[in-house]
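Input: a single structure, listed below in structure tokens.
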Amino acid sequence: MPPILQRLQQATKMMSRRKILLLVLGCSTVSLLIHQGAQLSWYPKLFPLSCPPLRNSPPRPKHMTVAFLKTHKTAGTTVQNILFRFAERHNLTVALPHPSCEHQFCYPRNFSAHFVHPATRPPHVLASHLRFDRAELERLMPPSTVYVTILREPAAMFESLFSYYNQYCPAFRRVPNASLEAFLRAPEAYYRAGEHFAMFAHNTLAYDLGGDNERSPRDDAAYLAGLIRQVEEVFSLVMIAEYFDESLVLLRRLLAWDLDDVLYAKLNARAASSRLAAIPAALARAARTWNALDAGLYDHFNATFWRHVARAGRACVEREARELREARQRLLRRCFGDEPLLRPAAQIRTKQLQPWQPSRKVDIMGYDLPGGGAGPATEACLKLAMPEVQYSNYLLRKQKRRGGARARPEPVLDNPPPRPIRVLPRGPQGP
């Protein structure tokens with residue numbers, strides 16, 4: 001056979017082998033996808049993320065001990081719900097308040113380990129409101145605990161505090177016509193240090209973090225610097241509410257969680273009629289001036305947050321955040337219909353999903369399940385949108401019945417929410 005024909009025959013054989021190889025690979029891929037499809041939970045399964053780990057290290061198991069300092073009006077309820085659901089899926093114990101504290105750890109008192117219900121000790125996860133006390137948390141939580149918190153831009157946060165706590169904070173009740181502008185024009189005319197719930201009217205972030213909210217960085221810059229150092233010594237991650245999805249990407253990477261573990265529904269959100277569409281610049285400046293300690297904390301940790309993003313790779317974090325948003329939309333559609341809408345509490349038929357309303361002047365929105373139904377998917381969707389008080393009560397009942405033993409999940413029961421009462425590790429240490 002002429003050489004040219006021999007080369008042609010060899011080339012034909014090579015092409016046939018490649019086609020066979022591609023066909024085998026294709027069939028294997030389809031088979032794998034079909035197999036995975038049979039195992040799909042209600043959480044969307046994502047292909048492995050393309051972002052590299054934060055450090056060149058072998059894969060870590062998911063970290064199971066987390067303390068989240070839930071600050072006020074910072075999207076903390078949504079983060080809490082993420083942690084509650086993670087704890088349930090992994091059969092972890094969640095620290096919950098003693099009944100005398102209701103659904104917060106006796107806030108605004110300094111946290112004490114005695115505020116924790118005995119049926120929820122020793123805990124893996126803590127995520128309810130408290131005023132930070134490092135020594136008491138060290139007594140309660142395991143040494144491997146990772147500490148995280150979240151901050152929000154002080155002007156936007158203060159507008160939310162003023163609206164939400166208008167009927168509870170004496171300083172806010174004194175303001176004619178419930179006018180935020182009037183309060184910020186002369187806050188000293190309405191504010192009285194030491195009054196019950198006074199911390200909601202002045203430097204609330206600093207107070208939640210265990211600081212003295214009456215200090216002013218203009219008069220004592222060293223105090224702000226010292227408070228920042230204390231926060232940095234304890235918290236491995238300070239999330240930023242304005243960059244919520246990016247914060248969750250950093251959180252899941254810190255804890256070696258999957259992106260599925262941080263999917264969420266936005267909780268405890270006010271109706272548009274209950275909030276300012278936009279805070280005027282002059283009002284924002286006045287709010288930051290009055291809450292100068294909070295402004296200093298936020299500005300510092302906002303800058304720190306973006307340094308974390310840069311170390312992780314900004315393009316990588318943005319890509320993961322986009323994947324998170326897409327997966328979240330799929331999840332919400334699956335649970336609440338093609339157009340999931342936040343609804344007023346009066347329009348929510350499912351009692352377990354009716355959010356508590358702080359006053360007649362504020363509408364807190366929630367979700368509802370489309371029609372009846374039962375089974376794991378409905379139960380999971382219910383937990384995704386369950387308000388804080390109902391979920392806390394449910395977990396407490398479950399953990400009390402468990403009595404330390406690992407029991408099967410129980411169904412969620414109706415439980416109308418009550419009115420509210422008035423050196424740690426820098427990162428994960430093993431599994």
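Every residue, even glycine, has its Cβ placed from backbone N, Cα and C.
Remember, it's a predicted structure, so these values are computed and weren't measured experimentally.
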According to Swiss-Prot, which stretch among 20-40, 188-208, 377-397 corresponds to the feature transmembrane segment?
-> 20-40
Asn91 (N-linked glycosylation site): nearby glycosylation sites from Asn110, Asn177, Asn302, Cα cut-off 10 Å = none
Asn177 (N-linked glycosylation site) and Asn110 (N-linked glycosylation site), compared by Cα position, are separated in whole Å by 33
Where does the mean pLDDT land for the topological domain 'Cytoplasmic' (1-19)?
-> 54
Which has the fewest other Cβ atoms within 10 Å: Asn91, Asn110, Asn177, the glycosylation sites listed?
-> Asn177
Between the C-alpha atoms of Asn302 (N-linked glycosylation site) and Asn110 (N-linked glycosylation site), the distance in angstrom, to the nearest integer, is 26
Coarse DSSP state, helix versus strand versus coil, of Asn302 (N-linked glycosylation site) = helix
